[in-house]
């Protein structure tokens with residue numbers, strides 16, 4: 001499971017990471033089979049330390065990744081995620097970015113997208129199907 005965002009995000013990112021935490025809780029022991037990654041789209045502000053602190057507020061299975069601008073750009077392109085820096089009136093900036101969560105099986109095959117604010121009763125079955133595909137692919 002992969003989600004792109006940034007730690008200074010005021011709404012989409014904390015909401016989605018809270019949703020992901022709830023989905024993982026709903027999976028119970030099966031959550032241990034998941035690799036869950038939050039990739040920053042704002043590596044200038046999202047240091048390794050900032051990412052570690054931020055993801056620490058959510059489910060312990062969620063890992064935060066950062067890197068150089070070119071690495072983030074390649075990762076986003078590979079996932080077909082989009083993001084852009086948007087200047088604010090205060091002279092600072094925010095980021096627009098893909099708000100969906102990408103769901104893959106263990107072999108790296110794309111399974112589904114989970115949309116922003118998708119209800120748990122729809123998201124968790126998608127994740128369970130991905131886990132079943134992982135099990136079937138391993139046999």
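Backbone N, Cα and C atoms are what each Cβ position is placed from, and that goes for glycine too.
Unlike curated entries, TrEMBL annotations are predicted automatically.
Among the features that TrEMBL reports, disulfide bond is placed at 9-13. Every protein chain shown contributes to the tally, and the Cβ of residue 13 (disulfide bond) ends up with 22 other Cβ atoms within 10 Å.
For 9, 13, 97, the entry in TrEMBL reads Cu cation binding site.
In the three-state DSSP scheme, residue 9 (disulfide bond) is classed as coil.
In sequence order, 4, 5, 6, 11, 12, 16, 41, 95, 99 are the residues of the same chain, not among 9, 13, 97, whose CB sits within 8 A of the CB centroid for the Cu cation site.
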